[in-house]
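The block underneath contains the structure these notes are about, expressed in structure tokens.
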Amino acid sequence: MEPSRRRMTRDMLLLIVTMAWLVTGDEGGIKQEERLFNLGKLEMFVDKLPHIPTLHGYHFVNGFLKPKSLHIGMFFKKWKFHRDLPATPVFAYGTSKRSATVPGPTIEAVYGVDTYVTWRNHLPLHHILPWDPTISPAIPKHGGIPTVVHLHGGIHEPTSDGNADSWFTAGFKETGSKWTKKTTHYVNKQQPGNMWYHDHAAGLTRVNLLAGLLGSYILRHSSVESPLRLPTGREFDRPLVIFDRSFRKDGSIYMNATGNNPTIHPQWQPEYFGDAIIVNGKAWPRLTVRRRKYRFRITNASNARFFRFFFSNGLDFIVVGSDSAYLAKPVSTKSVLLAPSEIVDVLVDFSKSTSKTAILANNAPYPYPSGDPVTEENSKVMKFIINYKSEVDTSIIPKKLIEYPPAHVSTSTRTRYIAMFEYVSSIDEPTHLYINGLPYNAPVTETPKIGTSEVWEVINLTEDNHPLHIHLGLFKVLEQTALVKSEEFIECMTKRNDAVKCEISKYARGNKTAVTVHERGWKNVFKMMPGHVTKILVRFSYIHSNESYSFDATQEPGYVYHCHILDHEDNMMMRPFAMVL
């Protein structure tokens, strides 16, 4: 594939800047490059895969399950990502500074039992990473680092959703315009599945996650899940939280401090990519496994990197869940493409291996889909060392999983067009990204009715693949259709910003790309192909019962939908929506 004009321009700009450093002796630039840690010098697979600590969002009182209140802090500390890398300054979640980890503790909740979490900000006055005030509306008057926690995939009241403007600083000294309370309430009445929690402060999400503010959340429902006889227990059912980072020689996280349009945004870059692949807080770890089935709940917690996972020895993934919901039946596949924020729930049967080891590998270009090929460092994820002894395995791969009530387009109440725009400067470098031609802080334009379904036709007018995440609602992907005469359509949309007036039906009639089999279940985020219209059916009720929510979803501050490439989300590629009765 020919490189895009944008990439060519970016490469040329990088060359010019590099030459300027050499000619002018720009010590700051040269020193910055010299301080980068050469990751090729790190030996892979020397650290064991860590067990992430677990916090239970429930407890037993006289033999009965009861709600529990958790207090989880955000702390500044040092973290060892690799045996031979100096300790790294990070922000970490935990019940204390000593116990705080990257990723944060896995919260386990039980269906029907409320969990309450008081998130406490213990972070210092100044950030450990460069951040761009031209894109961040979350700027406190008296210093400190704004934070707010979003439970990704959670179905709960707006005041507990982690709205980007509901931020707070250390000790709740300052709060955002939509902050309401110190304690979040997770009602846990949705379908069982996998979620993750992470920071969501306006304009700071990318740097706060890069610093380490993320963790897993699992909702269990024993009467529904136990009959499936999937692998269980701490050894055989494990979250894998995966992200990419680069480092300086002193161990600190490297993030480019110069924007691609520095006269507009001094620091903002359209995507962050690191070369070390981190799993559960360790770079390229190893895990010794037995010859039996394991369950891995894999979260892509990267800022912008897509992963296309596969095993070096050809082992299959048996996909049982996608994002926060089970599939109707298991799907076997040789590879899995995971966008930032997506979760895939898989079984791997190591008894099928013909080799003693297997590398979990990656071959997704970055940016996806037409960026650079992977390198030696970012093409390796982790290593499995497979025990030679066979053993009895009582877990199974069931023929069926969980069948939810069907979703029919005929039941939808309306169709909405959601257009993704990217705007560039005179040097053809991105300056900002809008949805429907509007910034995040423009008034609400989408007002779905509680208990209904809507068809959203997502029109990607950019050259990037954008993972679209919808808070509260879940959806099914119906079809993906290429645009014909796309430049003509983009020109009209840029002028009129109206898909109907631009006669979308004339252009959305190109080749159709089938939805991958294991992504045909209920999703809360999906990859929107560039130059395509992706039709989804969004459900605004519980999918397991089709019942209305158990809370008032019409409250302020409402919900949002956005691109989950964090650098895009922070630079306006997010829109609010409000539920109505």
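For all residues, glycine too, the Cβ spot is worked out from N, Cα and C.
All protein chains included, H469 (Cu cation 1 binding site) registers 24 other Cβ atoms within 10 Å of its own Cβ. Summarising the annotation, Swiss-Prot assigns Cu cation 1 binding site to H150, H469 and lists similarity to another entry as the type of evidence.
The feature Cu cation 2 binding site is assigned by Swiss-Prot to H152, H198, H564, with similarity to another entry given as support. When secondary structure is read from DSSP and collapsed to three states, H564 (Cu cation 2 binding site) falls in the coil class.
Annotation comment: Swiss-Prot describes H200, H471, H562 as Cu cation 3 binding site. Taking the Cβ of H200 (Cu cation 3 binding site) as centre and 10 Å as the limit, one finds 29 other Cβ atoms among all the protein chains shown.
Per Swiss-Prot, Cu cation 4 binding site is recorded for H466, C563, H568, M573. In the three-state DSSP classification, M573 (Cu cation 4 binding site) falls within coil. Within its own chain, M573 (Cu cation 4 binding site) has M420, L433, Y434, I435, Y440, H466, H562, C563, I565 as residues 6 or more apart in sequence whose C-beta sits under 8 angstroms from its own.
Within the model, the domain 'Plastocyanin-like' (274-361) shows a mean pLDDT value of 98, rounded to a whole number. What Swiss-Prot records for 274-361 is domain 'Plastocyanin-like'.
Here Swiss-Prot flags N256 (among others) as N-linked glycosylation site, drawing on sequence analysis. In the three-state DSSP scheme, N256 (N-linked glycosylation site) falls into the coil class. Taking a C-beta cut-off of under 8 angstroms and a sequence separation of 6 or more, N256 (N-linked glycosylation site) has the following same-chain neighbours: Q267, Q269, Y272.
For N300 (N-linked glycosylation site), the same-chain residues 6+ apart in sequence whose C-beta sits under 8 angstroms from its C-beta are I242, F243, F306, F307, L338, A339, P340, S341, E342, I343. Residues or ranges marked as N-linked glycosylation site by Swiss-Prot on the basis of sequence analysis: N300 (among others).
DSSP assigns N460 (N-linked glycosylation site) to a strand. For N460 (N-linked glycosylation site), other Cβ atoms within 10 Å of its Cβ number 26. The N-linked glycosylation site feature in Swiss-Prot is assigned to N460 (among others).
In the three-state DSSP scheme, N511 (N-linked glycosylation site) falls into the coil class. Of all the Cβ atoms in the protein chains shown, 9 others lie within 10 Å of the Cβ of N511 (N-linked glycosylation site). Positions annotated as N-linked glycosylation site by Swiss-Prot, on the basis of sequence analysis: N511 (among others).
Feature annotation from Swiss-Prot assigns N-linked glycosylation site to N546 (among others); the stated evidence is sequence analysis. Other Cβ atoms within 10 Å of the Cβ of N546 (N-linked glycosylation site), summed over all protein chains shown, number 15.
The signal peptide annotation in Swiss-Prot covers 1-25 and rests on sequence analysis.
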H564 (Cu cation 2 binding site) versus recorded positions H469, H471, N546 - nearest by Cα: H469
Distance, H469 (Cu cation 1 binding site) to N511 (N-linked glycosylation site) (CA atoms, angstrom): 25
Tertiary neighbours of H198 (Cu cation 2 binding site) (same chain, Cβ under 8 Å, six or more apart): V149, H150, H152, T205, L209, L213, L214, G215, A301
Residues satisfying Cβ distance under 8 Å from H471 (Cu cation 3 binding site), sequence separation of at least 6: H150, D161, Y559, V560, Y561
Sorted by sequence, non-H466, C563, H568, M573 residues with Cβ within 8 Å of centre, Cu cation 4: M420, L433, I435, D464, P467, L468, H562, H564, I565, E569, M574
The domain 'Plastocyanin-like' (274-361), counted residue by residue under DSSP: helix, strand, coil: 3 helix, 56 strand, 29 coil
Tertiary neighbours of H568 (Cu cation 4 binding site) (same chain, Cβ under 8 Å, six or more apart): P270, L433, D464, H466, H562
Rounded Cα-Cα span from N546 (N-linked glycosylation site) to H469 (Cu cation 1 binding site), Å: 21
